[in-house]
Amino acid sequence: MFKDNFAPTENTDADLERAWGRVLEDWCHNYGEVNIDDFQTVLNNATQYAINASTVVVTSRHYEPLTFTEQLISGGYRAAKAYWQNQYTSMLFGWSVMIYFAGLILISTVFRSIRLISPRVGRALISTPHLNRARGYLTMPPTLGQKRADPWTIGRLPMGSALKRGETLILIGYLILMVVFLTTDYPFYDGNMRLKTMNAQWTKYLGDRSGKMAIMHLPLIIMFAGRNNIISWLTGWSFDTINVLHRWVARGMWLTAIIHGGVYTYVNGYKYSYYLEQDFFVYGICAMVIASVIILLAIYVIRHASYEVFYYGHFIFVLVFLVMMYEHVKILGFTNWVYVSFGVWGFDRVVRCLRILWAGIWTTGQFTVENGAVKVALRTKRPLNLKPGSYIFLHVPRIGLFQSHPFSVCEVKPNNEFTLMIKPMSGMTGTLEQYVQKMHNMTVELRVWIDGAYGHTAPVEDYDNVLVIGGGVGITALYGYLDMLKEYTATEDEKASSVMKHKNVLFVWTVRNPNNVAWVDLEPMITCGIEVQVYVTNSSSTEKMTEKEAIVKTTGISESVITYGKRPDLESTISSWMRLPGSAAIVTCGPGSMNDECRNIVARNLRTCNNTIGYYEESFSW
């Protein structure tokens, strides 16, 4: 009735009388199907038979009308006011959590808009030398130690990845809000007629507040989980960042829901058998159990041991959880939060289907196993607006009807053609490699569905010097940048005869085996003036000449570009590059350990560097 609009205020007697009159009218009309005049007639007649409520001993039912003293009415009013005050404060705090994240989104959106409108101004704001020390200490490094992309392990068991310090600061702010909101501003007072002890007040109010804050987390969690969400479009945040927020906000909701369920179980333990007969209580228990299973399936070791188990389990259990939540809260009037969550989830799924239809449901891809990878040549019905940094989710129904995996777009060609380079691992990619290997010439055409393109392009063209560092199949995410940058470079002879200012671009690529070098065509990059250094780590001295001859023959690149049996000196390369005259961008994509090394080197150098530096890491974690 009036509870949703309740806010604690000081009211005069006249205000209370008018409010009580409206309440009576509403109750007579909605529940008694009588008008206020009929009610008043009955009230006048009943008054002569009324007895004082304070004299009644509650041992059996009484059918006489009761009168209440002013003290009882005042005490009841104060208890009700405290109850509704906590309801109002709980809603206010729930909204405050969303406002916190909305503020972060707004700030990021403003900075991204400035960069899109004026790249030079945007770069000056974000990558300015004045912020180098702050970036080097506060936002860029891992929270603890040296690992960010590479997982922490106990023995050989991977336990998860550390967060960037910037992400940790955001989550610390969220944690502080949650602790403050769950522990402060409760309307406690002695003499509460409804909740007679402080313990009763504390548990009741905490149970209510934690429950409301939990349900209000739902839309935010679903929005952070979607591929197609307005947050990514507005802010340009990477999939990794949004995924971090999704996981930690989900854990926050789960913890508040545990508090909600635990407190109410404690308070109503003596009536547990009664509540087990109530639908809302049973659905609440089911929702809690399912949420705990979802959290368990999402831990790092399970996600990476079997992505398919995680994916299917997550999808099914989340849908069941939303249904259970709806049934739990529908008698309490909080179904709007579930409706919004279903709406956000449905929007994402509809857009995914539309993207697949746009690319063409009859699209086929040519799959070829070569040089230790699966090369996929694709041509879509319509353009996908592919840019450097773009990735797609690829469905291969023959391999897994309901599976899709993200892959970076490697080479973009005319007529809506592009290629992917897939490094087989366990699960779907391993099954795909085995399937193609059984075919003639290890080549086969398969029906595919393409959901994309996603991703954001790093503004490397805005910098004077660009250092691109790749490891293994990480070349797939970097090749588009190299292809774009060759338009801004020139050979030494061209630089000497031209008055135009050209960019300095260096590409450092580390691969395990010599045949990996043939994954992409590097000759056009070298011809256009991009300096290329390739390091082949798994190579013995006796094999060097044969390998060199084979690579030169296959790729057409000079053998002087390739170094065998060594790794690049990233410390020296990155440090010197950051101190070249002008601005510098460092773009990396490779194994987690390599990305971590690059990130840490850049962070250390930022603390003493006076140049404008941009660091862009193309990585994808789940």
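The backbone N, Cα and C atoms fix where each Cβ goes, glycine too.
What TrEMBL says about this one:
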- 92-111: transmembrane segment (TRANSMEM)
- 169-189: transmembrane segment (TRANSMEM)
- 214-236: transmembrane segment (TRANSMEM)
- 248-268: transmembrane segment (TRANSMEM)
- 280-302: transmembrane segment (TRANSMEM)
- 309-326: transmembrane segment (TRANSMEM)
- 343-460: domain 'FAD-binding FR-type' (DOMAIN)
Whether the transmembrane segment (92-111) meets the transmembrane segment (214-236): three or more C-beta pairs under 8 angstroms: yes
Three-state composition of the domain 'FAD-binding FR-type' (343-460), taking helix and strand from DSSP: 31 helix, 43 strand, 44 coil
Model confidence over the domain 'FAD-binding FR-type' (343-460) (mean pLDDT, whole number): 93
For the transmembrane segment (248-268), distant same-chain residues with Cβ under 8 A (at least six beyond the ends): 101, 171, 174-175, 178, 182, 200, 203-204, 206-207, 210-211, 213-214, 217-218, 220-221, 224, 275, 284-285, 287-288, 291-292, 294-295, 298
Outside the transmembrane segment (214-236), six or more residues from its ends: residues with CB under 8 Å to it: 91, 94-95, 97-98, 101, 105, 108-109, 112, 242-243, 245-246, 249-250, 252-253, 256-257, 260, 322, 325, 329, 334, 337-338, 340-341, 344-345, 347-348, 351-352, 355, 393, 451, 454, 456
